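Residues annotated as domain 'Histidine kinase/HSP90-like ATPase' in TrEMBL: 284-376. The annotation transmembrane segment is assigned in TrEMBL to 21-37, 49-69, 78-101, 107-127, 139-156.
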Amino acid sequence: MRETIHRWRERWDSLDPEPRARIVDLALVVTLLAYTLPQALVDPYDSSIVVPIWLATASAVIASLTMLIRRRWAGPSLVFSLVCYLFTGQSVPVSIAAYSMTAHRTVRWWQAVAAVLTVGFAVGYHYQPNMSPNIVIDAVRAITTVYVAAVVGTWVRGYRDMIQTLTDDVHIREENAAARERRRIAAELHDTVTHAVTVMVLKAGMIQEDTDLEDNPALARDIEDQGVRALTELRELLTVLRAGDLPDSAQGIDAIPRLVADSNTTGQRVDLDFALDGVRLSRSVEHAAYRVVQEGLNNARKHAPRATVTVTGRVSDDELVIVIHNAAGPPRGRVFGESGYGLAGLRERIMLVGGTLQAGAAADGFTLTARIPVSPTVPEPS
């Protein structure tokens, strides 16, 4: 029995809201017909207004059928339910209509409507046959029948709106998180691939420009090493995306000299001056510093090839300050494609560890400055 109920509940939950609402409304119509018709057919005279049986029966049927439109138009349900009450003495349809008035539609003057209905109900109760002529008791019955039902409808609508707001908020957060993740992946791919591929392209261009280098095995090995390194960093990136953590092999401060050496082999002079004074940095900070230098050198190669670049790093006031400055270079030859993820992605990366990034043209070139807290202001992945 329990499994059967569970199976039916799963089927019910799988239905869309609109079909479910139709089923509920149809069931409500059948229930109200079963409840109001006997009173209308057998004894319609237990009401505030004495009417023929056919009229009492018609009012009961119409009031029940209007429940099919109560979610969209509560007015007809209220009117015909009140008529049904006057002709048959049945108050349940009025309670359901009052509830629907506030539960499914925003009625600005619902309190006034409920108050008028409550007064009318109290009067109807007072003059209904077989009822005690006690105005206090009649008022309590009227308030319970109409006003309480309307208040419950208001509460249900507020609760439903709150759930919808929370659901929308969750969806927005999921979309924002997905967008941030896409930007992060794009930035990671940009940082990982651009440096190595740019160096490979520049070295291949050197071979084309200088025929003496065509049979240079050392240069060919350099290009091969760059390709292997790019693949290695891509594997590290995939590890991060799968596990959400930086692998132990993630590039850090100790890999920066290799970036400088790569740039020097392309004909661009890079002077490195890193002095950390024995300060130990977390993996996330070291990796961020590595990406700063990588993007700075790559930016210089694209926009100022063969210009002199200086890379300095100092720890000052609990911050790792990295400054990359390149002099104005000669006019560019081949222009590498620009994805737009470079500095923007780098700025987001630095912000993740609580730092700041500034980049802009200087009097004699271009300067990139990153300030990274030695102790990240955000928890490091575990």
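Heads up, the Cβ atoms here are built off N, Cα and C, so glycines get one too.
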Taking the transmembrane segment (49-69) as reference, which of 21-37, 78-101, 139-156 has the most Cβ pairs under 8 angstroms? 78-101
For the domain 'Histidine kinase/HSP90-like ATPase' (284-376), the number of residues DSSP places in helix, strand and coil: 31 helix, 33 strand, 29 coil
